[in-house]
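Accompanying notes for the structure given below.
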Amino acid sequence: MPLHKSAEKRLRQSARRNERNRARKKELKVLLKNVQKLIDTNADQGEVEAAYRSAVQKLDRLGVKRYIHPNKASRKKSQLSRMLNAYAQKD
């Protein structure tokens, strides 16, 4: 437990930031799973590409702002693009 006022404030700030960061990562997880689900269910190519674009946009934003490591963002984008290309070749 914090003993000083400033420590209490830091605890509150930390809790708020932690909650915000978790929400952002959760959004990303949902977007990535959405792309995977659309590919698995053989959805329309345009629908898959739209989901891909939104996921890549979110990855870029979170990587630049350091919510996730930039290399992780790059790796996930690469994995998504490989999945998308394989899906396009399959059709």
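Every residue gets a Cβ built from N, Cα and C, even glycine.
Shown for the region 'Disordered' (1-25): DSSP residue counts in helix, strand and coil, namely 21 helix, 0 strand, 4 coil. The region 'Disordered' annotation in Swiss-Prot covers 1-25 (among others).
Under the heading compositional bias 'Basic and acidic residues', Swiss-Prot lists 1-21.
According to Swiss-Prot, the feature region 'Disordered' maps to 71-91 (among others).
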Same-chain residues at least 6 beyond the ends of the region 'Disordered' (1-25) whose Cβ lies under 8 Å from its Cβ atoms: 62, 67-68
Residues of the region 'Disordered' (71-91) by DSSP state, where helix covers H, G and I: 20 helix, 0 strand, 1 coil
